[in-house]
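Listed features, source TrEMBL:
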BINDING   CYS20, CYS56, CYS92  [4Fe-4S] cluster 1 binding site
BINDING   CYS164, CYS168, CYS171  [4Fe-4S] cluster 2 binding site
DOMAIN    11-128  domain 'MTTase N-terminal'
DOMAIN    150-377  domain 'Radical SAM core'
DOMAIN    380-441  domain 'TRAM'
Amino acid sequence: MSHQPPADQPRTFHVKSFGCQMNVYDGERMAELMAAQGLTATQDAAAADLVVLNTCHIREKATEKVYSDIGRLRKDAAAQGRARPMIAVAGCVAQAEGAEIVARAKVDVVVGPQAYHNLPDLVARAAAGVPALDTDMPTASKFGQLPARRRVGPSAFLTVQEGCDKFCTYCVVPYTRGAEISRPFEAIVDEAKALVDAGAREITLLGQNVNAWTDEGRGLHDLIRAIDRINGIARIRYTTSHPNDMTQGLIDAHRDVETLMPFLHLPVQAGSDRVLRAMNRSHTRDSYLRLIDRIRTARPDIALSGDFIVGFPGETEADFAETLSLVDTVAHAQAFSFKYSPRPGTPAATMADQVPAAVMDDRLQRLQAALNRDQHAFNAASIGRRCTVLIERKGKLPGQMLGKSPWLQSVHLLTDAAIGDLVEVEVTSAGPNSLGAVERLRQVA
Ligand code: SAH
Ligand code: SF4
Ligand code: F3S
């Protein structure tokens with residue numbers, strides 16, 4: 001139930017999310033939660049009474065960003081002659097550094113990814129002058145305690161699984177997000193229906209290991225098939241997947257389920273078995289490539305995406321050459337690549353043979369050149385193709401709209417279609433990051 005906040009409480013808020021799509025989802029849910037308390041959302045962080053920084057801990061740079069952001073917020077407020085905004089640090093830095101943030105940056109609220117349903121209470125306590133911290137990982141799920149979904153855009157996120165049990169040796173996620181937990185089947189289908197009722201045409205199912213989702217023997221493919229049956233749903237996607245949880249049922253769904261889009265983000269990280277073993281990835285180069293073959297047999301036009309790390313401790317030039325040759329073999333439609341960043345508390349951070357920064361820079365550049373080449377080639381091969389585009393927003397030019405192809409490419413076209421419409425187009429041009437198209441047919445609902 002919504003009510004007016006007392007005078008000493010913040011009245012306006014701004015949520016800023018960093019990191020992965022699960023953080024974006026959490027940010028939306030926190031915004032809905034604060035709105036249900038009677039606070040008003042504002043686009044302008046500097047003008048908000050309460051700023052929620054929903055942080056990411058994955059690499060050192062991401063983590064440092066939270067401290068520079070806090071400094072900037074306070075400076076901007078001071079420059080405007082305002083009292084400092086109340087600052088709440090949420091997300092994975094909150095979980096990992098907890099009390100340290102309160103001590104170092106004097107923030108008002110720290111709330112972990114599994115505790116943010118308590119945000120209104122924590123804000124109330126902070127408003128009373130007591131810094132409030134909650135980084136518990138309760139056994140009862142936060143999801144049941146969040147308000148219902150009301151208004152969303154044509155493409156919506158839905159978290160179905162959280163946490164990770166894989167413990168790759170470089171990664172903080174198992175520590176910041178906790179063990180793998182799947183939300184119940186019924187709760188997810190209900191939320192999917194609510195999202196469609198609220199305007200979503202496309203739903204992206206999210207999880208740190210989304211394809212590990214399970215409930216009473218059901219797998220992610222069963223969930224996809226159930227969401228496929230919801231009236232009004234046009235597209236389903238899911239991310240991020242681990243190669244070891246890619247079941248035959250899920251591969252078959254890519255062949256059978258028309259609303260399941262031909263796109264798969266399936267990180268491999270590296271191409272050398274020696275490095276994969278040191279990373280504790282529990283798949284090999286060969287098992288990964290065989291998996292890709294099976295997926296492509298089921299769905300020949302599938303666009304593959306991935307993540308790569310260069311400069312993992314001990315990575316030699318020969319190891320890196322195997323990553324490049326894997327990239328050549330797979331030909332990704334798009335991919336993310338990162339320099340290895342040592343994270344406190346992870347096994348890799350104290351491994352011998354840390355790779356010098358200059359070597360990492362060089363390898364990243366060469367890897368990105370190869371990935372960009374493949375992305376451009378994938379886009380160029382789309383010219384002449386007919387496909388649907390889900391219109392998501394206005395473009396810069398008059399009459400121009402932007403949307404996504406089934407293969408998650410950005411597409412711009414001139415059309416009088418509205419946001420949320422599905423338009424059939426023919427692709428007429430391709431750049432490194434987007435496609436141009438002309439409209440062929442409008443699909444109504
Ligand atoms: N659960 C997903 C993604 C996790 S984080 C998966 O396993 O694929 C997203 C990406 O960040 C990872 O895939 C990895 O490529 C990268 N990453 C994680 N830890 C890192 C680190 N310490 N240094 C550099 N990149 C890292
Ligand atoms: Fe991190 Fe590995 Fe888990 Fe992905 S699978 S979240 S990289 S530990
Ligand atoms: Fe970052 Fe946490 Fe996501 S560390 S990538 S926000 S799970």
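Here the Cβ of each residue, glycine as well, is placed from N, Cα and C on the backbone.
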Cβ neighbour count within 10 Å of CYS171 ([4Fe-4S] cluster 2 binding site): 21
Nonlocal residues around CYS20 ([4Fe-4S] cluster 1 binding site), in sequence order (Cβ under 8 Å, 6 or more apart): CYS56, ILE58, GLN208, THR240
Separation of alpha carbons, CYS168 ([4Fe-4S] cluster 2 binding site) and CYS92 ([4Fe-4S] cluster 1 binding site) (Å): 17
Fewest-neighbour residue among binding-site residues, criterion Cβ within 10 Å, set CYS92, CYS168: CYS168
Cβ within 8 Å of the mean position of the Cβ atoms of CYS164, CYS168, CYS171: remaining residues of the chain near [4Fe-4S] cluster 2: LYS166, PHE167, TYR170, VAL172, VAL173, PRO174, GLN208
Residues within 8 Å of the CYS20, CYS56, CYS92 Cβ centre (excluding the [4Fe-4S] cluster 1 site residues themselves): PHE18, GLY19, MET22, ASN23, THR55, HIS57, ILE58, ALA62, GLY91, VAL173, THR176
Intrachain C-beta neighbours of CYS164 ([4Fe-4S] cluster 2 binding site), sequence separation six or more, cut-off 8 angstroms: CYS171, VAL173, PRO174, ARG177, ALA179, GLU180, GLN208, ASN209
DSSP three-state assignment (helix, strand or coil) for CYS56 ([4Fe-4S] cluster 1 binding site): coil
Neighbour tally for CYS56 ([4Fe-4S] cluster 1 binding site), based on other Cβ positions within 10 Å of its Cβ: 21
Number of helical, extended and coil residues in the domain 'TRAM' (380-441), per DSSP: 1 helix, 36 strand, 25 coil
